[in-house]
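As recorded in TrEMBL, the features of this protein are as follows:
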type	residues	note
TRANSMEM	30-54	transmembrane segment
TRANSMEM	75-97	transmembrane segment
TRANSMEM	132-152	transmembrane segment
TRANSMEM	159-179	transmembrane segment
TRANSMEM	215-232	transmembrane segment
Amino acid sequence: MGELLGTAVLVFMLDTIVISTFESDTKMPNLIMSILIAVVITILLLAVVPVSGGHINPVISFSAALVGIISMSRAIIYIMAQCIGAILGALALRAVVSSSIEDTFSLGGCTVTIIAPGPNGPITLGLETAQALWLEIFCTFVFLFASIWMAYDHRQAKALGHVTVLSIVGVVLGLLVFISTTVTGKKGYGGAGINPARCLGPAIIRGGHLWDGHWIFWVGPTIGCVAFYVYTKIIPAKHFNAEYGYKHDFVGVVKALFGSNV
């Protein structure tokens, strides 16, 4: 329930921020949007962490299962709750915005391309599939490496404290949103999702072009999570998880299932 409600609030607030910043007359909507996203994510994480660990993102749940902090079955339950919560959050947003705003901003959903009117008929604006996929992979890995890593490492989490770690998570996500929406400079591309559930909610409620390239917002983060897990297995043990063992580590679970010869 913590993950479900937390993700519902997350989707409602983030998509509201996306719509309101671009609807305003500010000269740098991307920057303001990124700052607000960082603040909102930090606050929500602080609220949900005591209940469920504060994932509210399939990326965190899946990577935590790979590393071994939680079991894969718990991760699946969390991800299902997050997806349901995202749908509820998108429904709540649809209930409070006008139809014109819903049409213009597609409920703040994740887009790779959009169809826009052109001089000789409709044209497609946005990012190429390969570029969008690589952005998802890179941004997901950087997100895990630069912030979630601190939460996974007991020593850093204890030394820095929950407030500091969760604030860093929010800031890193805000920076990645700003970079991905600014560096490409492509109209029609909504920026890196880094949260498949957040992309799924508006896609189910709004539909239409939000399904175009939607798979990128799942495949990209999945690859990024696997790359991060490989990284944690490569580095020397003394630099990570020195005093504690993760009994749900993916490789360890596979070995236990199929024997030590795996």
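Positions of Cβ are set from backbone N, Cα and C atoms, glycine also.
All annotation found in TrEMBL is predicted automatically rather than curated by experts.
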Among 30-54, 75-97, 132-152, 215-232, stretch most in contact with the transmembrane segment (159-179) (C-beta, under 8 angstroms): 30-54
Sequence-remote partners of the transmembrane segment (132-152) [C-beta within less than 8 Å, at least six residues beyond its ends]: 59-60, 63-64, 67, 69, 112, 126, 160, 165-166, 168-169, 171-173, 176, 179-180, 184, 189, 192-194, 213, 216-217, 219-221, 223-225, 227-228, 231-232
Contact set, same chain, for the transmembrane segment (75-97): CB under 8 Å, 6 or more residues outside the stretch: 1, 3-12, 15-16, 19, 52, 55-58, 61-62, 64-65, 107-109, 197-198, 200-202, 204-206
